[in-house]
Amino acid sequence: MDGAAVGLRVLLGLGLVSLLTLEAMPAAWGLATTGRPRAREKRQAVDTTPDGVLVKSLKVNCKVTSRFAHYIITSQVVNRQPNEAREVAFDVEIPKTAFISDFAITADGNTFIGDIKDKASAWKQYRKAISGENAGLVRTSGRNMEQFTIHITVGAQSKATFQLTYEEVLKRRLTQYDIVIKVKPKQLVQHFEIDVDIFEPQGISKLDAQASFLSKELAAQTIKESFSGKKGHVLFRPTVSQQQQPCPTCSTSWLNGDFKVTYDVNRDKLCDLLVANNYFAHFFAPKNLTNMSKNLVFVIDISGSMEGQKVKQTKEALLKILGDVKPGDSFDLVLFGSRVQSWKGSLVPATQANLQAAQDFVRRFSLAGATNLNGGLLRGIEILNKAQGSHPELSSPASILIMLTDGEPTEGETDRSQILKNVRNAIRGRFPLYNLGFGHDLDFNFLEVMSMENSGWAQRIYEDHDATQQLQGFYNQVANPLLTDVELQYPQDSVLSLTQHRHKQYYDGSEIVVAGRIADHKLSTFKADVRARGERQEFKATCLVDEEEMKKLLRERGHMLENHVERLWAYLTIQELLAKRMKMEGEERANLSSQALKMSLDYQFVTPLTSMTIRGLTDEDGLEPTIDKTPEDSQPLVKVGPRRTFVLSATQPSPTARSSVVSKLPNQVTGVDTDPHFIIYVPQKEDSLCFNINEEPGVILSLVQDPDTGFSVNGQLIGSKPSRPGQHEATYFGRLGISNPPSDFQLEVTPRNITLNPSSGGPVFSWRDQATPQKDGVLVTINKKRNLVVSVEDGATFEIVLHRTWKGSAAHQDFLGFYVLDSSRMSARTRGLLGQFFCPLDFEVSDIRPGSDPMKLDATMRVKNRQLAVTRGLQRDYSKDPRHGTEVSCWFIHNNGAGLIDGVHTDYIVPDIF
């Protein structure tokens, strides 16, 4: 993992390109999202809508709770052209260490939502992308960033909204946490806002916000920052006129640079232990410790490939670093090309005379030969081992080995596996090894594995004008060791799934974070012990936290994520599993990959093992865009294949076979819920139809039946006692059965349990579980106490919503709702109360008139060569919000859907759930 990739960093842009030109040339960049209108904003004398496209708003919202950052970026663009479509490009750049968890594009009521699945399935589904044609998102990689770009068309007089969510654990570096947002809109944005909200139980000790592109006067006017106790807040909301300064007549924005928020927390108490919902997070960064003296060896590549700027910048950095080595430290330098040479051959004290002599040696050395990396490292290790063996354990300084190379081993031992073994056997866990890889022409994965195997990390040094500063920045992170052999201990019988809790060294200005899962039995208190070695003494500490007091503390969190401690644990665990798999092979690597994949799917993270596809959004070849994590070794700003433009439903013709819109806003849902109300969205009409089915409890109804594949969904009704005599007994779905015979898959779902293949004694899951069981191309994603999603490979995707009843609710039993997310690959012969509507449906509504209920309209509908009396009404869609739901306006067909459904409703009664 790249040690320099810390904090949060994001770059956004909306590029506006005219569809009328043969060559797509960007006319402007913009940022947009939902924001508040400005009161008394003066009318601008300039055009803020180049090409007729208005970047209406942008909101960057970051909520941090105990280092866990939840980031939502929402942007909106409006095409004001009366008759012409426009192409819009959405660019987002996020840290490589962050995980995307959600992405959606909305246009004219149609929402296209990201669907996270394992990468193998995603690429199997989109084979054309593998053959070199990019499936829509440009996957690029900067220094510590990943960039995604998607081009879509927005119809005349239409708008598009983008929303991206990602999460990360902030890393403390050089005494502070950083949130950096790089903005570059160029075009004026009507409503621009960056809102950062921080909650830290220890209390916030400092908070600062700066923008590189602001004068002091403008910063004072536009940046509002405050902190008190546990809460901190930063708001940046420039008006359009402020965006134009210092050029009031310009149509471009001066917003161009870094917006940076930095903060730290109080360290008055040794313990920062957070417990919530059977998960804990422990943040360890004690203050007032004495700096340890250190033994430091630099191993420097002087092979011929280092010529030019590389060796010049390396020498500059070494000279400055040697100037910062403290009295009491000891050091040496090892150089390797074809031969290996050391400055002294053993450690010498950091006296002024020795430091000056070392600087002279650095100025004079020249490049020579090939790359004997193995020999150079073993010489450096030998020097440190010899020095360490001469000290009693308690008085031993902290030993650090740092290697800088720009190439691959070409002299001496060149087999990478053998080099890893040699280094591992020589160090034997005594001290950390940090590898710095200069440039891109090297095997960075090799350096990374070597560092991880030896308690350190690897960092890439980019060939740029600031390479000297990059090298110095790395050294500053490890310059002041405070503790060695740090171990954080927890009750063995109470803690499960612990993240890394042993660290070779702890450095000033950093922080050790450990998270874990607490066993189900209730604990009134939770304890952590810390053992380490400091400067000439042992370090011991005990932390104790009362869970009830912790609950009171967490209730103070106005915007706290309900499960943020659990997601923090999941984030750290996945990162560690991915790091461990790098140095494993065969079955061990496969097991680690399987664990990381399962957790990535459980928590809906885009990781190196998963991909996010955007359902329903397609280009001219029918490809859907995908979001992937880029590999570390990928070159920055490299585009794969030609640019593709994806078309939103607002500009698509009516489909002839299936609606291309798969995931929709609440008024565009197909499903059945409550007692039971069927809702059918008809994309050709951009309207919905609805009907009820009145049957007795115990009756099983066919919802989906595909005769070509045998796939089926059936639902059994349960009853609810009427609230007063003579009232009809309401019924709900209390049991659902999904069957896919080609894969021998069955799933039985009730409000109590979820059973996979019940006829053969398959596993049983509770709604309290977060799980992703999979069988032969069918993936079930159980989202704890909320819903589950069934995805059939090359088939369909369905959602089952859990409804828990409460006192006073209409239903007296828990029940289920069923929704269709993707039916595009079901056959044209699919039947069932829902399945028959997967094919295109046409209808006409006429004679709209006031109904017997003055709040509703009646009308006449022509559908399937029948004329029906219908009523305009409201139903509720619970697919996005199971507790409250969202209103759906629809034409209601009376008498159990008579005239709309094929046959009569009793034709859909079946004898069994499968």
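Cβ atoms here come from the backbone N, Cα and C positions, even for glycine.
If you check Swiss-Prot, you get these features:
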type     : residues : note
SIGNAL   : 1-30     : signal peptide
DOMAIN   : 39-168   : domain 'VIT'
CARBOHYD : C62      : S-linked glycosylation site
MOD_RES  : S131     : phosphoserine
CARBOHYD : N288     : N-linked glycosylation site
CARBOHYD : N291     : N-linked glycosylation site
DOMAIN   : 293-453  : domain 'VWFA'
MOD_RES  : T405     : phosphothreonine
MOD_RES  : T410     : phosphothreonine
CARBOHYD : N591     : N-linked glycosylation site
CARBOHYD : T656     : O-linked glycosylation site
MOD_RES  : D675     : aspartate 1-(chondroitin 4-sulfate)-ester
Using T405 (phosphothreonine) as the reference point, find which of the recorded positions C62, N591, D675 has the shortest Cα-to-Cα distance to it.
N591
Let's check the environment of N288 (N-linked glycosylation site): how many other CB atoms sit within 10 Å of its CB?
7
For N591 (N-linked glycosylation site): DSSP state (helix, strand, coil):
helix
Roughly how many Å lie between the Cα atoms of D675 (aspartate 1-(chondroitin 4-sulfate)-ester) and C62 (S-linked glycosylation site), rounded to a whole value?
40
Cα separation, N591 (N-linked glycosylation site) to N291 (N-linked glycosylation site) (Å, whole number)
41
Using Cα coordinates, what distance in whole Å links N591 (N-linked glycosylation site) and T410 (phosphothreonine)?
33
So what pLDDT does the domain 'VIT' (39-168) average out to?
75
Can you tell me the CA-to-CA distance separating C62 (S-linked glycosylation site) and T410 (phosphothreonine), as a whole number of Å?
47
Can you give me the Cα-Cα distance between T410 (phosphothreonine) and N288 (N-linked glycosylation site) in Å, rounded to a whole number?
47
With every protein chain in view, how many other Cβ atoms are within 10 Å of the Cβ of C62 (S-linked glycosylation site)?
21
I'd like the number of other C-beta atoms within 10 A of the C-beta of T410 (phosphothreonine), please.
14
According to DSSP, N288 (N-linked glycosylation site) sits in coil
